[in-house]
Each structure stands twice: as C-alpha cells, then as structure tokens.
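Asks: Starting off with a structure, shown below.
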Amino acid sequence: MARLFGTDGVRGVANRELTAELAMALGAAAARRLGRTGAARRRVAVVGRDPRASGEMLEAAVIAGIASEGVDTLRVGVLPTPAVAYLTSAYDADFGVMISASHNPMPDNGIKIFGPGGHKLDDATEDRIEELVHQGPGSRPTGAGIGRVVDAEDALERYLRHVGKAATTRLDALTVVVDCAHGAASLAAPRAYRAAGANVIPIHAEPDGLNINDNCGSTHMQALSAAVVSYGADLGLAHDGDADRCLAVDAHGRVIDGDAIMVVLALAMQEAGELASDTLVTTVMSNMGLHLAMRSAGIEVRTTGVGDRYVLEELRAGLFSLGGEQSGHIVLPSFGTTGDGIVTGLRLMARMAQTGRSLAGLAEPMQTLPQVLINVEVADKATVADAQPVRDAVAQVEAELGDTGRILLRPSGTEQVVRVMVEAADEDTARQMAVRVAESVSAQR
C-alpha cells in the first residue's frame, strides 16, 4: 500500500484521492496521536485552509474527525500555511492542520499537519498517524466529551502583528506589486506590506475558489514582471496558493529566485551579526552560483535533500538562522517554524530600504550558472546511479568541472526517470557533459 504522506503532507485530487472520508480519518488520527492526554484543559487543534473550492468540504471533514476524538477546534479560516503553524504555537494548541495544495492546480488539495509548537511532523509521527487511519476509529466519546468548534476571530490580526516584526525599518519609499495567486495571501500580504509603509499594488488577489494559481503566483511570473515594469514599481513579490513561498522581480522585470533571495538575506544577516555560525542551509537543487557567492563571503553552505522539511531539520539540528529552497521557501527560524512568504517579502524590502539599493543591485553577487537538465527513462531508478559505467562518467565530469560547476543525478519522486543536471560556466559545456552522463545512464536500461 502506497504511503499516504508525501514530502509535504497528504495530497491528491479533491474528492478523488483526497476524499472527505479520508480527511475525516486523518483528522481523527491526528487527534488521537497528537492530542495531549492528562491535560487540565480541553485539548484543541487549529484548522485553516486556502480558498480553493474543495477547502470547505475538507475543512468540515477534518474538523468532524477531530471532534469525534474529543478535541476542540479553533477554526481560523483562510490564512497562509505559516499563519496556521504560528497560531498552533501562539494558541498553545495540541496540533494544527492546514488544508492546501500550495502551488498545485485548483482541483488538487492537501492536508498538512503541524505538531505542538507549529513544527512539521517527523516520519515516525506521520507513520503512526497513517497506521491509525488504516485501523479505523476506536472508542469515541459521547455527550460533553465530543469536541467543539470555535471561530478564532483574532487569528489574522495576531498573525499580522507577528509578521510585522520582520520589517526592521519603514518601507515608505518603496512601491511593490504583489501577486497573491488568488490564494491565501490575498488579504494578508497586502495588509502586512501596507502596515510596514510600502505602497502596495495587489494583483491576482480576488479568490473565487476556482482561480487559485491559475496562470498567476510564484509558478507563473510573467504577469508580475509585466506589471512591475508597467507601474514603474521598485519590485514585485509573488506568493503561491498558501503563501509559504516568495519569489521576486526587480524593477526591470527580471525574476529573482529563491537562491538569489537567500544570497541577499544571508549577506544582510552576516553584516548584522545575525547569521548563526555564518552558515546558510539549502538543498541540492540550489544553483552553483549560490555556493560561489557564499564562498566569496566566507559563508558555509549546508546542503540537504529536496524539500523544506529537510531544510528545517538541518536548521533545528545546527541552530542555524537562515535556510531555504530555490523555489522560494525561505525559512527564518526566529520568525517561524516553516517557510513564510510574507516574512521573506518584508525582510527583502527592509534590506532595500536600509541600504537604499535596488533589488537588482543587492542580488548582483548571485550569478546563476547555466544549467542543463536531462530526464532519462530507466527500468530501475533506485540503482542505476550505482552502475560502474555511470559512476565513471560522473567522476570524469566532476574532475573536468572542478570548482567551476557541478553534476547531480537524482531519481524522480513520481516517475521512472533519473534526472541528470549539470551546471557549468557556459551552456555548451553543461550540455555536452549532461549528454555524456545521460547516455551512460540510458545504456543501463
């Protein structure tokens, strides 16, 4: 049986793979596993969602499951994922649930569960919740023991007060176009940026349940780039459906990805003495240009597997203060337990305001190396990289690249494919080397 939990919770097409029945079972299982026993007060969970149409159905089902196990729910409504993580801690809840499929298309949805303190669950806890889902319900409470539901009327205001601390200086001189992806950022992001003083021009901020991520947001940057140039804005910020990501656009309409944002923030934090151990945590997907920029600044880069959960684990283990992904998940542990796109946007604009420099100028140390990616279909993606001819081809490319590039072989998480990625000083070199290794992989079929 396939594992329910992926790298970011449980996801699927709503009402097909992710049914109301499964959502109720997940809510009940989370309540049984995470609801604290022996507490003097009633147990409580925080539940939020993004605005996609299926969210209301799944929210009702999750809450029903939670209530069936005698746990109360604080319903916070449509809010960003990092808001739910923060409020789980702020309300001293037993756990939190976010109903969202992030940047995925509207028909999809997902369920993310946060443990006490708003932290993402470890594999062992997810496995136990999954076991409880398959076991089905046990003995359930009746009467006064059934969980109750309360709407948390102050949820948005509490979250906005929290993220407002990320703006360490006033942003009155900045004009920013904000692409809210018709998602959970649509209300929160413009309010947060205006509260810090910025002149905010929101786009794609009218969610109707059906238009989330529809040719907008952090996975479709073209409209934002055009709007920044058209309005003569200082920058643009793009969020995804649940606002845990932030990508940027400079005044010329050029995209500033998560790697470049991390470089800007790492250098700022190093200058302020806030970059713990002079270390940045990122994943294997970050461009070699990030590593070169950090090396020039004397900043160590710790590399993890793909997924913000692995970045979070490394941040917690090493007590580091900045990490993230090329996709725009940027984590500042002093502000939260997960990536927060609004915090990222505020910190980026604060750096611009403090220095008086443009975003393009601040991002200049990040020189992205040309990258070539080739997908190779294979019979066994788990073992092909260990074949001696493939290892020899990789070793030869690594020797030729030295410190001027890199090669990465990675099995796809969803397809029977191995991805061959090469970065080099020029695209022709990267392509030649990628083809060479891809041919060695293909020969193993």
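Glycine is treated like the rest: Cβ placed from N, Cα and C.
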Asks: Quick check: of Ser89, Ser102, Ser358, Ser412, which does Swiss-Prot put in the same Mg(2+) site as Asp240, Asp242, Asp244?
Replies: Ser102
Asks: For Asp244 (Mg(2+) binding site), which residues in the same chain are close in space, meaning a Cβ under 8 Å from its Cβ, but six or more apart along the sequence?
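Replies: For Asp244 (Mg(2+) binding site), the qualifying residues are Pro80, Thr81, Pro82, Ser102, Asp308, His329, Thr338, Gly339, Asp340, Gly341.
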Asks: Tell me, how many other CB atoms lie within 10 A of the CB of Ser102 (Mg(2+) binding site), whichever protein chain they belong to?
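Replies: If we count other Cβ atoms within 10 Å of Ser102 (Mg(2+) binding site), we arrive at 30.
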Asks: Could you check the binding-site residues Asp240, Asp242 and say which one's CB has the fewest neighbouring CB atoms inside 10 Å?
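Replies: Fewest other Cβ atoms within 10 Å, among the binding-site residues Asp240, Asp242, is found for Asp240.
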